[in-house]
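Peer 1: Reproduced below are the annotations present in Swiss-Prot:
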- Arg18, His131, Thr352: substrate binding site (BINDING)
- Gly106, Tyr107, Ser179, Asp205, Glu206, Ala207, His208, Thr236, Phe237, Gly238, Lys239: pyridoxal 5'-phosphate binding site (BINDING)
- Lys239: N6-(pyridoxal phosphate)lysine (MOD_RES)
Amino acid sequence: MNVFKQQLEQLGAQNQYRSIPDLIHQGRYITRENRKMLNMSSNDYLGLASDENLRRSFLQQYGGNFPSFTSSSSRLLTGNFPIYTDLEELVAQRFQRESALLFNSGYHANLGILPALTTTKSLILADKFVHASMIDGIRLSRCAFSRYRHNDYEHLKNLLEKNVGKFDRTFIVTESVFSMDGDVADLKQLVQLKKQFPNTYLYVDEAHAIGVYGQNGLGIAERDNLIAEIDLLVGTFGKALASVGAYAVCNQVLKECLINQMRPLIFSTALPPFNVAWTYFIFERLPQFSKERSHLEQLSAFLRREVAHRTQIMPSQTCIVPYILGGNEAALAKAEYLQRQGYYCLPIRPPTVPKNTSRIRLSLTADMTTDEVRQFAVCL
């Protein structure tokens, strides 16, 4: 066991040791170690997770006859229920795409999609800042891959030109809203690029955009009117939609390939029907949350200006606002200071972010008030 203890001690010496906190949730507040704090670290972007009215309306429609609390099996065996198909049809209809497929989580989706859709003769070109789940999916794909500089589409174009005719297919992989910097990919440029090269497909993860952007809350692809141009559009229900699970919208052929070849889908017990029913309930109402989206954007613009004034660094265009401090010790100290002031802020350190860019990842939600965010800015 000594080798494992040494690993932990080394993490501690580098200020990279992590632990699971004991938390009590009270709406937009969190209590930790008897300290009640405004939660500045949540992905509950629309503030729906603690909405009692929504929860009550959902439960009332069933009376006491709730959907099952377990699927007990993979969907490909006995674990499929009508509500799964209902949700897939609703998602496909809203996106005006041929098909949609559900997954147990965003990590689950990103882990399994690329290995299912590539061969040893394929190529993956991924943005340098894509999420860890996408990196793990790339590693499992066992095909050639390269990472283009973050949002550098000239670099991506050079890689595409360099590899023309060398591979059976090429996947361009990106997030739309990047989870640590809060900046946004230029999906229009990516669509134009993929159209210039044969057998090239675009895979976009909208985990931090679904619910928050677009007229109907369908993400950056909807905002930019590009839904039909993206081969694989992936999103999660576990953030703005206050539920669990994930989806991909695509054509029917890709859906059938995933059903037949995606190991995390084939070999996992499906989500409980109860949770899928809650997701359906929320997703059905997604267009109704325009006031929440508008309020969130106002809060976000204010906080971005405040942080930029202090750090001179502001990559974000969204409700994810990075307060970049540099070293691990600085990020840990600032997080502790803000928690003492009543704000639940967490340090983000390597390897989650590049070395010397440790930060507080500030994440706003639509149930916060303008006064709360203004008071927080004073503490910065």
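Even glycines carry a Cβ here, placed using N, Cα and C.
Structural setting of the listed features?
Peer 2: Following the DSSP three-state reduction, the secondary structure of Arg18 (substrate binding site) is coil. Take the CB of Arg18 (substrate binding site) and look out to 10 A: across all protein chains shown you find 8 other CB atoms.
Classification of Phe237 (pyridoxal 5'-phosphate binding site) by DSSP places it in coil, neither helical nor stranded. Taking a C-beta cut-off of under 8 Å and a sequence gap of six or more, Phe237 (pyridoxal 5'-phosphate binding site) has these contacts in its own chain: Ser243, Val244, Gly245, Ala246, Tyr247, Thr279, Ile282, Phe283.
Around the Cβ of Lys239 (pyridoxal 5'-phosphate binding site), the same chain contributes Asn43, Asp44, Tyr45, Ala207, His208, Ile210, Gly211, each under 8 angstroms and 6 or more positions distant in sequence.
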Peer 1: Have a look at the binding-site residues Gly106, Ser179, Glu206 and say which one has the shortest Cα distance to His131 (substrate binding site).
Peer 2: Ser179
Peer 1: Would you measure the largest Cα separation among Gly106, Tyr107, Ser179, Asp205, Glu206, Ala207, His208, Thr236, Phe237, Gly238, Lys239 for the pyridoxal 5'-phosphate site and round it to whole Å?
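Peer 2: Maximum Cα-Cα distance: 15 Å.
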Peer 1: For Gly106 (pyridoxal 5'-phosphate binding site), which of the three DSSP-derived states applies: helix, strand, or coil?
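Peer 2: Assignment for Gly106 (pyridoxal 5'-phosphate binding site) reads helix.
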Peer 1: State, in Å as a whole number, the widest CA to CA span among the substrate-binding residues Arg18, His131, Thr352 given in the record.
Peer 2: 19
Peer 1: I'd like to know which of the binding-site residues His131, His208 has the most other Cβ atoms within 10 Å of its Cβ.
Peer 2: His208
Peer 1: What's the CA to CA span in angstrom from Thr352 (substrate binding site) over to Ser179 (pyridoxal 5'-phosphate binding site)?
Peer 2: 10
Peer 1: Could you list the residues of the same chain, at least six apart in sequence, whose Cβ is under 8 A from the Cβ of Glu206 (pyridoxal 5'-phosphate binding site)?
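Peer 2: Glu175, Ser176, Val177, Gly219, Ile220, Ala221, Leu233, Val234, Gly235 - these are the non-local Cβ neighbours of Glu206 (pyridoxal 5'-phosphate binding site), listed in sequence order.
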